[in-house]
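A.B. asks: Mind looking over this structure? Questions follow.
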Amino acid sequence: MMVMDAKIFEIADKLYAQQALTQDESHVLFDAIIKGDVDPILLSAVLTALKIKGETPAEIAGAASALLANANAFPSPEYDFADIVGTGGDGANTINISTTAAFVAAACGVKVAKHGNRGVSSKSGSSDLLDKFGINLAMTPENARGALDELGVCFLFAPEYHSGVRHAMPVRQTLKTRTIFNVLGPLINPARPKIELMGVYDQSLVRPIAETMVAMGMKRAAVVHGSGLDEVAIHGETLVAEIINGEIKEYTLTPADFGLETYPLEAIKGGEPEENRAIITDILTGKGTDAQQGAVAVNVALLLRLFGQEDLKANTQQAIAAMQSGKAYELVNKLAARG
């Protein structure tokens, strides 16, 4: 049996007593987890205790900071860039909206370093899709940074940067339930963007995740839940918690706020990675349906707001124009060509 630091048992005891950890305590715990220094049985107990108690913003921020501190380095640029990402796990199996939106946003002139992984609940996560487009998931950090500089978009595949997460995998797979790891992915982009649009699988997470981002020093961000989706919705209302200079502003958006009509959720259903590749190719070359195009455009529109373009209707039209011109699809091919 491995020898574990007494501090880890003290932290575990707090969790068993349903007491919240400080950000520092959470950092210490997750630092040990990522280094493989926590026995799987104890790991199972602390993840479950955290889940039943309910993870606080300080605990999530501490865990995220530990994972970032242990991540492989990425040469972050001085200029402003963003991530657009969902937790996944909403169970809706829609097309890959945030991945598609990353290319469209880049075609609109902003920079996006997207952090992602293979599918959790959908048949096709962002990495599954990019794989089908021939984009190299194992791109070196330097090559990815070059793509961000030159194309305005790059993709950082989580396992390439966060190898320590593997220590928690057997426990997560055995537990078969959501744990804190399900919300950590979008918060541990190794490029450390200061701007982020993050979708969450449950509306109860919107405010806590926004508070987590404030604790992590995020400059301008929005956390959204769209009527069951971890994206801005075109089939109903979207709850938004926007962060501006450390303050959180909560509001609701409808498709009309973007100048669009409402579409049924069925209109943006996805499939296997190969089917999704065909759908996304259509969307990025201006051949998608109005619903598909709209679903991507509203997410790009809110991301552009985080860069200071406040007019959502104008942003939506700009995003639609980037799809119809084929400019966004060119970026997919250029990223694939970098190898």
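Every residue gets a Cβ built from N, Cα and C, even glycine.
Given the structure is predicted, the values throughout are model-derived calculations rather than measurements.
Just lifted these from Swiss-Prot, have a look:
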BINDING   Gly86, 89-90, Thr94, 96-99, 114-122, Ser126  5-phospho-alpha-D-ribose 1-diphosphate binding site
BINDING   Gly86, Asn117  anthranilate 1 binding site
BINDING   Ser98, Glu231  Mg(2+) 1 binding site
BINDING   Arg172  anthranilate 2 binding site
BINDING   Asp230, Glu231  Mg(2+) 2 binding site
A.B. asks: Would you say which of the binding-site residues His115, Arg118, Arg172 has the most Cβ atoms within 10 Å of its own Cβ?
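C.D. replies: Of the binding-site residues His115, Arg118, Arg172, the most buried by Cβ count within 10 Å is His115.
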A.B. asks: Tell me which of the binding-site residues Gly86, Thr94, Ser98, Asn117 ends up closest to Asp230 (Mg(2+) 2 binding site) in space, Cα to Cα.
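C.D. replies: Closest candidate to Asp230 (Mg(2+) 2 binding site), judged by Cα separation, is Gly86.
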A.B. asks: Under a three-state reading of DSSP, tell me whether Ser98 (5-phospho-alpha-D-ribose 1-diphosphate binding site) is helix, strand or coil.
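C.D. replies: Going by the DSSP assignment, Ser98 (5-phospho-alpha-D-ribose 1-diphosphate binding site) falls within a helical segment, counted as helix.
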A.B. asks: Of Asn117, Arg172, Glu231, which is closest to Thr94 (5-phospho-alpha-D-ribose 1-diphosphate binding site) if I measure between C-alpha atoms? They're all binding-site residues.
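C.D. replies: That would be Glu231, nearest by Cα distance.
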A.B. asks: Based on DSSP, name the secondary structure state of Gly86 (5-phospho-alpha-D-ribose 1-diphosphate binding site): helix, strand or coil.
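C.D. replies: Where Gly86 (5-phospho-alpha-D-ribose 1-diphosphate binding site) sits, the three-state DSSP reduction gives strand.
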A.B. asks: Compare the Cα of Ser98 (5-phospho-alpha-D-ribose 1-diphosphate binding site) against each of the binding-site residues Asn117, Arg172, Glu231 and report the nearest.
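C.D. replies: In terms of Cα distance, Ser98 (5-phospho-alpha-D-ribose 1-diphosphate binding site) lies closest to Glu231.
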A.B. asks: Among the binding-site residues listed here (Gly86, His115, Asn117, Arg118), which has the Cα closest to the Cα of Glu231 (Mg(2+) 1 binding site)?
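C.D. replies: Nearest candidate: Gly86.
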A.B. asks: Could you round the CA separation between Arg172 (anthranilate 2 binding site) and Arg118 (5-phospho-alpha-D-ribose 1-diphosphate binding site) to a whole angstrom and send it over?
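C.D. replies: Counting only the Cα atoms, the answer is 15 Å.
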A.B. asks: Least buried of the binding-site residues Thr94, Ser98, Asn117, going by other Cβ atoms within 10 Å?
C.D. replies: Asn117
A.B. asks: Do you know offhand how many angstrom separate Gly86 (5-phospho-alpha-D-ribose 1-diphosphate binding site) and Asn117 (anthranilate 1 binding site) by C-alpha?
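C.D. replies: Spelling it out, the Cα of Gly86 (5-phospho-alpha-D-ribose 1-diphosphate binding site) and the Cα of Asn117 (anthranilate 1 binding site) are 11 Å apart.
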